[in-house]
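Features as listed in Swiss-Prot:
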BINDING   His47, His49, His64, His121  Cu cation binding site
BINDING   His64, His72, His81, Asp84  Zn(2+) binding site
BINDING   Arg144  substrate binding site
DISULFID  Cys58-Cys147  disulfide bond
Amino acid sequence: MVKAVAVVRGDSKVQGTVHFEQESESAPTTISWEIEGNDPNALRGFHIHQFGDNTNGCTSAGPHFNPFGKQHGAPEDDERHVGDLGNISTDGNGVAKGTKQDLLIKLIGKDSILGRTIVVHAGTDDYGKGGFEDSKTTGHAGARPACGVIGLTQ
C-alpha cells in the first residue's frame, strides 16, 4: 500500500487536505478530500497538474498531468487527461468532502502523480464540452485559488 497527501492552500481562504491510497500499480487509487473556504453550493474543478512547483503560486504547477497526450474530459471519459478528476461539490458552508476511486491515477509506476500538484479551481469544469477556447485543455475551470504538492505519507 502506498499513501500520499497534499496540503491544499493558496492566496485565498480555500484550504484543506487530499489523501491518496493505492494497493498496487494495477489497483485503482482512492482519493479523499476535505477542502473548506469555497463558495457554498458550488462545483469546483479538481485536477492534478504536471509539476510540483508552486514557487509562483498555483500557476507554476503547469498544465494538467497528461502523459498520454489526450484532450480534456470527464473522469469517466476514455478521452481525458490523467489529471482530470472532474469537480468537487461544496455544501452550504463551502466545504467539499468526498471520496472517489480512479484507475488512471497512479502512486506506483512511471506515470505516478507523486511530486505533482493537485489544484482546486475557482470555476466549474465543463469536461471539455463547454465550447470555450480552453474547454479541451482546462475544462474552462478558471483560476487556481489553492493547490498542494502530492507527497508520500505513512
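Just so it is clear, glycine is given a Cβ too, placed from its N, Cα and C backbone atoms.
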So which other residues, same chain and not among His47, His49, His64, His121, have a Cβ within 8 Å of the centroid of the Cβ atoms at the Cu cation site? Gly45, Phe46, Ile48, Ala61, Pro63, Phe65, Gly83, Asp84, Val119, Thr138, Ala141, Arg144
Those binding-site residues from His64, His72, His81, Asp84, His121 that fall inside 10 A of Cys147 (disulfide bond) by CA distance are His121
Rounding to whole Å, the Cα atoms of His47 (Cu cation binding site) and Cys58 (disulfide bond) are apart by 12
Counting every protein chain shown, other Cβ atoms within 10 Å of the Cβ of His47 (Cu cation binding site) number 27
If you skip the near sequence neighbours and keep only those at least six away, which residues in the chain come within under 8 angstroms of His121 (Cu cation binding site), Cβ to Cβ? Arg44, Gly45, Phe46, His47, Ala141, Gly142, Ala143, Arg144, Pro145
Checking the contact step here: among the recorded positions His49, Cys58, His64, which have a Cα within 10 Å of the Cα of Asp84 (Zn(2+) binding site)? His49, His64
For the recorded Zn(2+) site, enumerate neighbouring residues of the same chain (Cβ within 8 Å of the Cβ centroid of His64, His72, His81, Asp84, site residues themselves excluded), in sequence order. His47, Phe65, Asn66, Lys70, Gln71, Gly73, Arg80, Val82, Gly83, Gly128, Thr137, Thr138, Gly139
Whole-number Å only: compute the distance from the Cα of His49 (Cu cation binding site) to the Cα of His72 (Zn(2+) binding site). 12
